[in-house]
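For reference, TrEMBL has these:
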type	residues	note
ACT_SITE	Cys289	active site, nucleophile
BINDING	Cys152, Ala153, Ala154, Pro155, Gly156, Ser157, Lys158, Asp183, Asp210, Asp236	S-adenosyl-L-methionine binding site
COMPBIAS	421-433	compositional bias 'Polar residues'
COMPBIAS	678-695	compositional bias 'Basic and acidic residues'
COMPBIAS	702-715	compositional bias 'Basic and acidic residues'
COMPBIAS	743-752	compositional bias 'Polar residues'
COMPBIAS	753-765	compositional bias 'Basic and acidic residues'
DOMAIN	34-398	domain 'SAM-dependent MTase RsmB/NOP-type'
REGION	403-470	region 'Disordered'
REGION	678-765	region 'Disordered'
Amino acid sequence: GWAGGYPEIVKENELFERYYRELGIVPAGEWDAFMAALREPLPATLRITGYRSHAKEILHCLKEKYFRELQDLEVDGQKVEMPQSLSWYPEELAWHTNLSRKILRKSPQLEKFHQFLVSETECGNISRQEAVSMIPPLLLNVSPHHKILDMCAAPGSKTAQLIEMLHADMNVPFPKGFVIANDVDNKRCYLLVHQAKRLNSPCIMVVNHDASSIPNLQIDVDGRKEILFYDRILCDVPCSGDGTMRKNIDVWKKWTTQNSLQLHGLQLRIATRGVEQLAEGGRMVYSTCSLNPIENEAVIASLLEKSQGALELADVSSELPGLKRMPGITKWKVMLKDGQWFEEWKDVPSNRQTQIRPTMFPVKDEEKLKAMNLERCLRILPHHQNTGGFFVAVLIKKSPMPWNKRQPKVHQKLPQRTGDTEVTATNSNNGSGCITEEPILAESEDSKKMEELQNSDTEQSKKEGVCGPPPSKKMKLFGFKEDPFVFLPEDDPLFLPIEKFYALDPSFPKMNLLTRTQEGKKRQLYMVSKELRNVLLNNSEKMKVINTGIKVWSRNSDGEQFGCAFRLAQEGIYTLYPFIHARIVNVCIEDVKILLTQENPFLSKFSSETQKKVKDMAMGSIVLKYDPDPEKPDDLQCPIVLCGWQGKTSLRAFVPKNERLHYLRMMGVEVFKAKRKEEELENKTEEEVQHRLAQTEEGMDLEDKEHDLVTKMEAEIGEESSQSPVESSAMEIENKIEDLDQSGKNANSHVSQESKDMNASNAKD
């Protein structure tokens, strides 16, 4: 029948049931429970960002305030089920609840909880992520010094987990490790950027490549070029997704074995490319949200077989205690969409040998099969812990891959075409995709001269610190054309006033500052870690970088008269703060409340200590620091660092709206009611002033592309309309409105057009 204008999807698929019954992946006697679980909607799950110093405060706030209010709540005569922590996730940082979006909006208490979730998600303090999706990053065992590649990263929830693990120690602003997050889909890369940017890390780079042929990157090691091998690789490959039936109900009617047969080759090629780029002793996690052995055990078995002992499956049975899992299987069959079964490759007729490949079948040699330890793989079944279906295998690399025994020596001066090695796909006897890496020799003197010319150009741009998009001949550019990444020269006059104004520590790594423009005024300054700078400078000609770096300073039109043209940016303040020795004002908790609840409070409203501190300080950008008092346990017990602006008679915080709400919640201020009152009492003319000024800031930011499109549209527009722009001093705001009106309109039309384009692409995804 029709419900709400759409035909109701019947949750039945005879071929699906026949296939999985025959394979026996579900234990005897559990089939009905398995199918019943698949027909139930998936519980919503959330994860608290673990590395933030205030993770404990958020957890406390959730448990003591929001969950307690839900305890005896009834909606439509039904008692609301209390959220439960995931028993296997460390430190109670992941929770699941059966509350649907519809129910969340039906009750004021639930609406308040929903608003809390949305706001904290925007700040990056909470991620709404499926429970089983949290498993692969946990099994990677990441340390802050690890170099990590996420091969198929979009939409980015697992990438966010990896970034959190790098920043396990909040006192280290620049961990030695980094995450390179890749996705083949250009549009989804911007979604990935948006996810990653919520965490404000200088150690993440988003790139746009086909994972099955992602290029070898080089790094400079003591003046010598070396190939970059990764300590950890997450290989969460594209799959048929039959483990997601509970949330993607379309799978019920679209499911067929053909999906798995078509994806198997791609999955094997991506996994093969992954293990090639893995360092010896490194760990790669292969995962899918599919239950099908053709996409799972068959890929792993084929990879192990052709590795000839270079790879082994890690035994992770003791990791994540509390997680119910099934061991990998060693016997399976292949079925066509017409229901025809094949047990061995020799049984497949020649007209079917393009659909079915030899790597899809289990290994026949019992000794070989036993040595593979396929039972060390793990399969998560939906009915065991009320989750989606999932498959994970953890591989450890013991030695170079057999086809890579002669690793190309990068530091030898070989004539090059697309870097130091060219990756070519060849078909081995058994039909699997195997990748070979060989240094390429020049065919003639002419090509040698061409290479020398290209290399000299690359070296020149490297010296200038410019990492532009790769030349179109070497790589097909698609999607949006990215602005170059330009590192600030050591003697750049732009930096001296900044260094003096903020009294930056001599250890400040100014070489890691970059902009996104080669000509004209530099509007924003971004920062990356030393290790990512090394990657950027040595690979700009072979890598399409979508985004990297964290914004630390923004140009401010009023700033120059106060001695510095750049104000601090809240996004990068936790990275920058350890290096700043001037313009820091320590504030008490009452001052913080005033700063976060009032737009432009007069100095007289603050404590006498704060007034004394700012009395002799020059106007301009400042740091506002709150340190918890252990003797007052009822007060907020985590430090806060805010960007502020000191005017002649006022002091204000320059913080995005959701971050303001976050800090107020942590301090016990009721923001839900405050928000309602704010909406009712807001002055219309004041609203127009703020709107026009926000539009002008958008126009300024557009000139520099604001580092990426999605973050600019989804985050910045929301933030800037709620921030008080310090680009104009309080006294000059009214005088500027008329001048800014026209430019605001232009900027707004530009943004709305881009928003339409991006919304269309998101709907498509």
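From the backbone N, Cα and C atoms, a Cβ is placed for every residue, glycine too.
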Long-range same-chain neighbours of Ala154 (S-adenosyl-L-methionine binding site), Cβ under 8 Å, sequence gap at least 6?
Asp183, Asp185, Arg188, Cys189, Leu191, Leu192
Count the other Cβ atoms sitting within 10 Å of the Cβ of Gly156 (S-adenosyl-L-methionine binding site), across every protein chain shown.
28
Express the distance between the Cα positions of the residue listed as 'active site, nucleophile' and Lys158 (S-adenosyl-L-methionine binding site) as a whole number of Å.
13
Take every residue in the domain 'SAM-dependent MTase RsmB/NOP-type' (34-398), average their pLDDT values, and give the whole-number result.
92
Near Lys158 (S-adenosyl-L-methionine binding site), which residues of its own chain have a C-beta under 8 A away, given they sit six or more steps off in sequence?
Ser133, Met134, Pro136, Pro137, Asp150, Leu234, Asp236
Return the maximum Cα to Cα distance in Å (whole number) over the record's S-adenosyl-L-methionine-binding residues: Cys152, Ala153, Ala154, Pro155, Gly156, Ser157, Lys158, Asp183, Asp210, Asp236.
20
Taking only same-chain residues 6+ apart in sequence, whose CB is under 8 Å from that of Cys152 (S-adenosyl-L-methionine binding site), what do you get?
Asn182, Asp183, Val184, Ala211, Cys235, Asp236, Val237, Pro238, Ile270
Would you count the other CB atoms within 10 A of the CB of Asp210 (S-adenosyl-L-methionine binding site), including those on all shown protein chains?
14
